[in-house]
């Protein structure tokens with residue numbers, strides 16, 4: 001049994017942030033840290049004290065974590081960015097809320113004494129004989145201390161304290177990974193042996209001018225040494241003091257959604273009965289109404305968990321190669337239970353949510369191919385476009401020396417540009433039949449068939465088109481146009497002007513997706529100048545949808561994605577590789593631009609995507625992928641890829657990314673494809689070996705063991721490989737929560753044909769009980785093993 005820890009968080013928006021710029025505004029962004037590792041950076045929202053981000057992330061944390069923190073910063077084009085405030089959430093506080101956190105949280109001040117990180121390796125020993133007593137502390141080393149100097153390092157020393165006694169180690173200059181290996185000893189009076197005191201080890205950054213900076217402390221009750229006279233461990237450094245939260249809200253607040261999921265995953269064989277019931281639900285044989293496991297799961301799913309359940313089911317059925325019959329099953333039920341075609345798929349049903357998640361899982365590369373060129377053009381041109389007469393600002397739109405434009409001229413210009421953009425979007429979409437993934441096309445073909453069978457009346461002729469376009473345009477393409485950053489179409493949020501253009505285009509595309517049936521019925525009559533081009537687009541859309549579903553069912557086999565396949569490029573793009581050969585005057589000039597491709601088998605790079613000469617690194621040789629300290633090259637966002645050759649010699653490749661998000665995405669992708677490598681390292685050097693020593697820990701031996709633990713944090717996204725066991729465990733937990741309802745409906749559901757005398761609810765309950773027993777058995781074995789280790 002393995003432990004799986006996933007952390008989901010969404011940074012929704014901020015409010016009442018303080019102004020940091022002379023203009024009376026701020027340019028806020030958020031840095032997110034898990035413990036002391038930066039895992040994400042939101043886009044900057046320019047000139048806004050009430051920013052909206054809407055950015056969400058899922059982290060997989062095999063080694064667990066202690067705290068999650070959000071630092072709100074004000075971006076400055078000159079000088080250092082200003083700190084606005086922070087929010088720190090302890091793991092226990094997040095885990096204590098079963099449904100997760102969803103609220104506004106006030107920002108608190110950032111106090112350097114509270115911003116500690118890292119750990120210290122200590123060996124404590126209580127010495128007693130007839131003549132004297134003493135406590136001895138061997139300060140071995142510290143890892144990943146906070147940088148307190150402008151160089152990005154510190155000058156750390158440790159202070160050992162008990163009662164009124166203290167001793168200090170030597171100062172080690174310019175390192176965040178000091179290696180002392182010094183023994184400090186404090187003599188004790190006989191009466192002090194019986195006091196309930198605390199042994200404290202503090203770490204400080206020495207400064208030649210001014211006071212020393214605090215780096216963290218460890219407190220150990222003296223009683224522990226009576227019970228265990230020889231105590232050795234790595235201790236996490238703690239802040240100097242715990243301050244009360246700033247409840248006044250003077251620094252503003254963030255609206256956050258945070259959820260922690262910790263599961264123990266059983267071996268695959270234990271989940272097979274539940275998988276079998278789910279697969280059986282979509283098999284093509286006659287079933288009594290409301291008799292399948294999938295139907296029951298929909299019944300016990302709460303509104304709050306419906307999206308998560310839908311996403312999990314899509315992954316499970318993708319892995320089984322049955323996503324088309326799965327969606328057809330849900331859509332058929334949805335269509336058959338809908339009497340008014342105007343309400344079809346309008347609710348947040350499991351069918352609607354499953355279709356949305358399915359399109360994201362299989363259609364994101366397609367969406368990027370279709371929309372990215374036009375989205376980039378809109379961002380680059382930054383046209384002032386407005387149709388609403390209440391919002392037209394005549395001072396915002398000028399043409400050279402001709403002066404300000406009239407309201408009519410602004411509207412005419414806006415209509416012309418919107419028509420141009422909308423035409424480009426609709427032409428790109430309606431001309432993309434060949435690029436659309438076959439599995440999406442077959443799914444829409446099945447949906448078209450079910451709707452056509454249900455609504456046969458002549459007045460419902462368009463319903464079969466609206467069912468498809470509702471998902472395709474309204475729930476896929478239109479949201480991507482509205483917020484390109486959330487669909488990875490852009491790295492930054494749109495500015496105010498571009499955002500307004502995107503909103504108008506999204507509204508227009510929604511009207512196209514509705515086949516123009518609601519034109520003129522809304523309150524926004526100022527959109528009327530776009531109605532002619534919208535009506536002209538309807539015929540093209542219908543023709544496109546007819547071609548989209550003109551496909552053989554048999555060619556839509558979608559392979560299970562339990563692992564990456566070698567033929568698939570997981571990630572690609574331009575990065576900067578450190579040139580190790582030849583003389584280098586300045587390290588920043590030694591990073592050369594190269595194009596990289598990552599598959600499950602190799603990391604390949606060349607001068608350009610079309611360059612014939614390429615170099616490859618086998619993934620099986622990867623031992624670690626980690627970030628590099630900024631002071632190593634005086635450069636940000638550098639990662640190192642540590643590989644091992646056939647002679648077990650380590651080789652390091654340094655690669656620079658353009659921002660922290662790209663850095664985290666590449667590290668995450670490489671960690672995912674190398675997760676099962678046998679040669680993975682437990683530690684690494686975050687610095688470089690230069691001038692005969694490591695810049696991080698200052699040790700001379702190039703082959704010495706790394707001074708910092710390796711990391712295993714990965715980012716979840718739509719391109720992740722599927723993990724059937726984790727997904728099935730999620731469904732099991734959902735069924736546990738709905739067990740009482742399953743018991744109550746067990747008496748009313750019809751019996752399953754294949755198992756006479758036993759309802760689907762009863763079969764599900766039996767599977768749940770078996771899984772509970774398996775979890776209890778494995779947990780008991782783990783507890784017994786832990787007890788055995790402690791005893792030994």
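Placement of Cβ uses the backbone N, Cα and C atoms for every residue, glycine included.
Residues or ranges marked as domain 'C2' in TrEMBL: 1-105 (among others).
Feature annotation from TrEMBL assigns domain 'C2' to 116-235 (among others).
Residues or ranges marked as domain 'Ras-GAP' in TrEMBL: 305-514.
Annotation comment: TrEMBL describes 568-675 as domain 'PH'. The average pLDDT computed over the domain 'PH' (568-675) stands at 88.
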Relative to the domain 'C2' (116-235), the stretch among 1-105, 305-514, 568-675 with the most Cβ pairs under 8 Å is 568-675
DSSP-derived helix, strand and coil totals, residue by residue, for the domain 'C2' (1-105): 5 helix, 57 strand, 43 coil
